[in-house]
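Noted in TrEMBL for the protein shown:
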TRANSMEM  B:58-80  transmembrane segment
TRANSMEM  B:86-105  transmembrane segment
TRANSMEM  B:131-150  transmembrane segment
TRANSMEM  B:156-180  transmembrane segment
TRANSMEM  B:192-211  transmembrane segment
TRANSMEM  B:245-267  transmembrane segment
TRANSMEM  B:279-304  transmembrane segment
TRANSMEM  B:332-360  transmembrane segment
TRANSMEM  B:381-400  transmembrane segment
TRANSMEM  B:406-426  transmembrane segment
TRANSMEM  B:438-457  transmembrane segment
TRANSMEM  B:477-495  transmembrane segment
REGION    B:513-543  region 'Disordered'
Amino acid sequence: MSADSREEALEALAASRWRVAAVLTVATLVAYLGFILLVAFNKPLMGQQIVPGLSIGILLGALVILTAWGLTGIYIVWANGKYDRALHQLRDGK
Amino acid sequence: MNPTTAAGTQLGQPNSTAIIFFLLFVAITLAITYWAARKTKTTSEFFAAGGGVSAVQNGFALAGDYMSAASFLGIAGLVATSGFDGLIYSVGWLVGWPVVTFLIAEPLRNLGKYTFADVVAYRLKQTPVRLSAAVGTLTVVSFYLIAQMVGAGNLIHLLFGLSYEMAVIIVGAVMILYVLFGGMIATTWVQIVKAVLLLAGASALAGAVLYKFGFNPLALFNAAATQYGPETLAPGKLVASPLEAISLGVALMFGTAGLPHILMRFYTVPDAKAARSSVFYATGLIGYFYLVTFILGFGASVLVGRQAITGVDKGGNMAAPMLAEVVGGTGFLGFISAVAFATILAVVAGLTLSGAAALSHDLWSSVVRKGKAPEHEQLKVARLASLFLGILAVILGVAFKGQNVAFMVGLAFAIAASANFPALLLSMAWKRFTTNGAVASMLTGSISAVMFIFLSPTVQVDLLGNASAPIPLKNPGIITIPLSFAVGILVSLMFPERESADRFAEVKHRMHVGAGKPTPPAPEAPASTAVGTPPTMPSPGKA
């Protein structure tokens with residue numbers, strides 16, 4: 001690989017990392033702020049019990065925690081796979 | 001399932017199990033410190049454990065750094081006394097972690113050495129950037145430390161019946177021993193031991209509670225709803241204004257990504273891949289822990305009773321220990337009390353070490369000595385700084401006795417989110433960021449966050465007793481974070497810095513590819529970054 005094409009490949013890789021990071025950050029924000037906005041604006045809905053003991057609020061709260069972890073998991077899978085492979089190619093292909 | 005009365009608790013009595021467990025914890029951690037001290041001969045070992053911490057170890061240590069007594073006792077207490085509203089905090093404290101994973105962990109690992117200022121200052125002028133970064137770091141660390149030390153004094157007073165001052169001095173003295181002699185290696189292991197104990201203690205407690213409800217959490221929640229009405233499971237008064245809720249939310253989210261003691265941990269792993277994996281483990285552990293607080297909180301409100309809890313401590317902080325006594329007797333109460341003590345110790349050690357890094361690495365080595373200080377001098381200054389901060393923490397803890405300092409943790413997060421996070425992100429992602437922009441952004445963030453909180457109802461009404469506050473928002477994040485970004489961008493555009501823009505390519509390369517070793521382009525890549533290396537590797541400093 002020539003220096004120029006390596007530069008371009010790095011550029012593309014950097015851009016794709018920021019893109020994935022931005023999308024996942026926004027997804028986290030949406031999940032969390034959505035939860036908070038429901039808490040603020042629709043208390044009756046959040047208080048509704050789906051089955052005795054499980055209100056929609058508690059369910060969504062637990063889901064936000066699980067989603068947050070799930071999103072980091074998605075990132076890890078992407079970064080350990082696709083991103084690291086491209087990075088190694090870039091680094092080794094001198 | 002009769003709720004016990006406050007009079008029936010052993011809380012606050014000298015409890016032999018608690019003392020034995022606590023002494024055991026101190027003995028083990030001091031033994032680790034002794035072992036670590038012999039391995040701590042360079043600043044890299046002192047501040048970054050020589051980069052030899054594995055991803056799993058760092059995951060536990062990050063969780064240990066983050067799960068303070070405030071989250072264990074405070075959130076369990078909030079859920080016990082106000083039901084669902086307490087859960088809003090559980091969720092809020094977790095969601096900062098994905099942001100750390102996506103935006104911060106890897107670039108930080110690849111660009112820096114010991115502090116986040118290394119990253120911000122990478123292509124900018126050292127002195128002004130390091131000075132303003134140290135202001136941000138030290139303000140965050142001080143407020144966080146005050147909150148922890150005062151919390152420690154009160155808690156230990158309640159749990160063990162020790163005097164407040166005595167408790168603060170014990171916490172300070174043991175923490176100084178860890179940091180001063182064992183540096184990051186000891187601090188990391190203290191965090192790991194504490195995280196394991198805390199997770200085990202909380203799990204055992206939750207298991208004992210669920211046992212009484214046929215291992216069905218819904219039966220527990222339902223019992224709480226029967227006893228205190230269905231509104232227990234619904235949002236109450238905590239989130240009165242949506243703006244307030246969002247403001248708190250963004251401060252928690254981006255504050256985590258600006259906490260110096262958390263950021264520092266990413267330098268302890270060998271490479272970016274380990275940094276990335278360690279946050280994944282940490283997020284899982286912390287998320288699990290907050291889910292368990294659901295059980296502990298509702299369990300305490302059903303099995304101990306709200307009146308009994310607030311009868312002992314108005315803030316409800318004793319809910320978890322009291323629950324332990326009800327389900328497991330005095331012995332279990334002792335164990336949980338000792339875990340709470342250990343938790344505080346570990347958190348203050350991490351905070352002190354990150355403050356010491358700002359003082360010695362950013363201020364002394366880079367600003368005063370312009371990077372010319374020899375290794376042995378840097379290490380000496382680092383130790384002096386730790387000692388100084390440890391003693392300062394004790395003095396502050398005693399000075400703020402009896403003050404309501406709960407708002408200081410919120411303040412620390414608000415400053416971290418407004419002062420540290422914007423400059424850190426811009427320095428990694430924006431080519432035209434400049435020295436002036438970074439300084440303006442960090443100072444605007446620190447000063448505006450402190451000012452807004454000073455003018456907020458938290459200080460003006462609750463603390464000073466005024467009728468109203470000039471600024472209605474309790475948490476300033478929604479204003480100060482965008483403000484800090486805007487100032488950083490505007491000032492950078494107004495005063496362009498050619499050199500900084502020119503060096504951005506280098507930053508970008510290093511941020512993704514890593515520092516590499518200063519060896520010639522040998523075919524042999526550093527072992528830790530070679531293809532196919534499992535994420536959790538190097539085990540240099542293990543006993």
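Any Cβ shown, glycine's included, is placed from N, Cα and C.
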Request  = Please work out which recorded stretch in B:58-80, B:131-150, B:381-400, B:477-495 has the most C-beta pairs separated by under 8 angstroms from the transmembrane segment (B:86-105)?
outcome  = B:58-80
Request  = Give the one range among B:192-211, B:381-400, B:438-457 whose Cβ atoms make the most pairs under 8 Å with those of the transmembrane segment (B:156-180).
outcome  = B:381-400
Note = Relative to the transmembrane segment (B:131-150), the stretch among B:192-211, B:245-267, B:332-360, B:406-426, B:438-457 with the most Cβ pairs under 8 Å is B:406-426
Positions on the same chain near the transmembrane segment (B:192-211), where near means CB under 8 A and six or more residues out = 25, 28-29, 32, 57, 60-61, 63-64, 67, 72, 217, 220, 285, 288-289, 292-293, 295-296, 299, 303, 320, 323-324, 327-328, 332, 335-336, 339, 342-343, 345-346
Note = Ranking B:245-267, B:279-304, B:332-360 by Cβ pairs under 8 Å to the transmembrane segment (B:477-495) puts first B:245-267
Query = Hey, which bits of the same chain come close to the transmembrane segment (B:279-304), Cβ under 8 Å, at least six residues off its ends?
reply = 1, 3-4, 55-56, 58-60, 62-63, 66-67, 71-72, 75-81, 83, 86-87, 90-91, 93-94, 97-98, 100-101, 105, 195, 198-199, 202-203, 205-206, 209-210, 212, 217, 220-221, 223-224, 227-228, 232, 319-320, 322-323, 326-327
Query = By a Cβ-Cβ criterion of under 8 Å, what residues six or more beyond either terminus of the transmembrane segment (B:245-267) are in contact with it?
reply = 47-48, 51, 58, 61-62, 65-66, 88, 92-93, 95-97, 99-100, 103-105, 108-109, 112-116, 136-137, 140-141, 144, 184, 188, 239, 275, 278, 350-351, 353-355, 357-358, 410, 412-414, 416-421, 424, 473-479, 481
Inquiry  = Counting only residues 6 or more past its boundaries, what in the same chain has a CB within less than 8 Å of a CB in the transmembrane segment (B:406-426)?
reply    = 68, 70, 103-104, 108, 116, 119-120, 133, 135-137, 139-141, 143-144, 146-147, 248, 250-260, 263, 315, 433, 437-438, 441-446, 448-450, 452-453, 458-459, 462-463, 474-477, 480-481, 483-485, 488-489, 492
